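Just below is one structure, and these are the notes that go with it.
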Amino acid sequence: MPFLDHRTGPSYGTIDQMEQHSDDEGERFLQEQCDTGRFSSDITSISEDSVQEGVRKIEAINLTWTARSLVIAYVSIFLMSFCTSLEGQTVMSLGAYATSAFSKHSLISTVLVVQNVVNAVIKPPMAKVADVFGRFEAFCVSILIYVLGYIQMAASTNVQTYASAQIFYSAGSTGLQILQQVFIADSSNLLNRAFLALLPEFPFLVTVWIGPTIADAVLKHASWRWGYGMWSIILPASFLPLALSLLLNQRKARRLNLIKPKSRPRGGVFAVLRRTWYDLDMGGLILLSAAVTLILVPLTLAANSKNGWKSDSIVAMIVVGLFCLIALPFWESSKRLAPKPLLSLHLLKQRTALAGCTLAFWYFMAFYFSVQPYFYSYLQVVQGYDVATAGRVTQTFAFTSTIAAFAVSILIKYTRRYRAFVIAGCVVYIIGMVLMMVTRHEGSTPAQILVTQVVVGIGGGLLNVPVQLGVQASASHQEVAAATAMFLTSMEMGGAVGAALSGAVWTHNIPRKLRLYLPEENKGDADAIFGKITKALSYPLGSPVRVAINQAYQETFKKLLILALIAIIPLVPLSLAMEDYKLDKMSEEPLVDPVPAEEGEIEPNRHVKRT
């Protein structure tokens, strides 16, 4: 059964086996139907339901897909995913050197907190932007923001500029991530979605190995700045095929009169701004962004503040953040303040959705205590790995989790169940974390360390995709997008909390332990060693200073792993709380009845789906 079949509709015909027809015949038939008004009832009903402009566009575009154009679109998605994946694997190894260039190596966690905060809050509004303005337009905005972030990082002269650039970078990259998943949801059903949703992840199987090598070459022959700046050229080039695919099919839909001309907005500029405010739920977005940012960022900044937790600015940020967090559910529950809420809180009344989102939170928090953000630095300093080797070890998680997720997506398709894989994934993930604790001491062999990452990666791959699928299955058809956004937001929130707490532990313990263990004549270098990984690596392995540095790193990393072991305690109980749906009995039904074809006619793309 093919995964892609344009004739039966982008959302519901992906597994039907039907007779092949040429693209030209399909387009001629579609033109005839448009000319005779065969689709008028469907399009009119959509308009009368006040569906947002971006949704109307993609529904019209869905009617114009041919087999060739749909395949090109998916190939384009893969091409762009390959570039973003390679970029991610390359620049991951550059972060330590970029922050060290500003003598702020410890602020890696703060940078990651900024990234995770943006990742957590940007997914729901980015999906709404795509619905309000259109998929093509949203992709273009994401690419532009992405490029601006990389230009700013490459040109940054201090850690503040570098950290602020993460806002643009994270917003752009997260926008691309959610838009790719929205596009895939437009052309897949529930059983095949687990497999097709992995399409953007498949490049990791290759890029995970070549990314660190590219980073090593960039550092040796150029600079970390060029390692960031080159992607501002490569990424837009990789986006061109997808952009042309969407643009040409959008123009085809206009030519066939499937996209009606926009009516002039009523009420003037103020009315347009008011509608946009409610469409995007800007109030909810502001409260969510403020709550997450003002609570998590101070956790890593307190250690570098002059008065620590007693600093007035730190206390003020946390108090305001807590106020925004308390106000958020009241705002989102108000029909007057948020008629189109950013977060569908009522979904959390579903046991499976609540358990799945909570599981994702703790799973990703444990990841940011263990694999990110300081495992890479630990491998270089304590184990003596070079840039490429340390990068490959840390990226083993991405490689093995992708393979495991691919395997489990195929098994889900044929077993039509998902919960058993969630439970198995949680157990394997816990075993991997325990192995990381056992092998975290100096002198562990490369094979031992590699095995821990393989096991953790398999566990992550086994549980991640099935949990997302379970959360989606627990929601109604109209709420699938909201359920997906809440799942991804919960996961990013867990990562943000993990990164913030790991940064607080790191910045509190490393300087103190360096002053405790360094030889008397080197105690004055503690701040320099803490601030720059290159300074720590400058002392040869086995020297008294390096022994002291390694001891400080090992003891601090042990504390992070203890936090990871605490975070994974709820995983198995939460997996058991999820309902074991039989997925083939929960297939989504189209919102609009298909147009019947006359005998002997070619069936066009019949179903119109709202995302």
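Each Cβ is built from the backbone N, Cα and C atoms, and glycine gets one as well.
These figures come from a predicted structure and were not determined experimentally.
According to Swiss-Prot, the feature N-linked glycosylation site maps to Asn62. Marked as region 'Disordered' by Swiss-Prot: 1-25, 592-611. For 71-91, 136-156, 165-185, 194-214, 228-248, 313-333, 353-373, 393-413, 418-438, 449-469, 486-506, 560-580 (among others), the entry in Swiss-Prot reads transmembrane segment.
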> Any chance the transmembrane segment (71-91) and the transmembrane segment (560-580) are in contact, meaning at least three CB pairs closer than 8 A with a sequence separation of 6+?
Replying inline: no
> So which residues does the transmembrane segment (353-373) touch in its own chain, when a touch means Cβ under 8 Å and the partner is 6 or more beyond its ends?
Replying inline: 108-109, 112, 116, 347, 394, 397, 422, 426, 429, 433, 436, 453, 456, 460, 463-464, 467-468, 470-471, 474-475, 483, 486-487, 490-495, 497-499, 501-503, 560-561, 563-565, 567-568, 570-571, 574-575, 577-578
> In the same chain, which residue numbers or ranges, 6 or more beyond the ends of the transmembrane segment (418-438), come under 8 angstroms Cβ to Cβ?
Replying inline: 194, 359, 363, 366, 370, 404, 408, 411-412, 451-464, 466-467, 469-470, 473, 558, 561-562, 564-565, 568, 571-572, 574-576, 578-581, 583
>> Taking 10 A as the limit, how many CB atoms besides its own sit near the CB of Asn62 (N-linked glycosylation site)?
In response: 24
>> Six or more residues beyond either end and a Cβ under 8 Å away: which residues meet both conditions relative to the transmembrane segment (136-156)?
In response: 54, 57, 98, 126, 129-130, 162, 164-173, 175-176, 179, 225-226, 228-229, 231-232, 235-236, 239, 242-243, 246-247, 250
> Ranking 194-214, 313-333, 393-413, 449-469 by Cβ pairs under 8 Å to the transmembrane segment (486-506), which is first?
Replying inline: 449-469
> Given the transmembrane segment (194-214), which of the listed stretches 313-333, 393-413, 449-469 has the most Cβ pairs that are under 8 Å apart from it?
Replying inline: 393-413
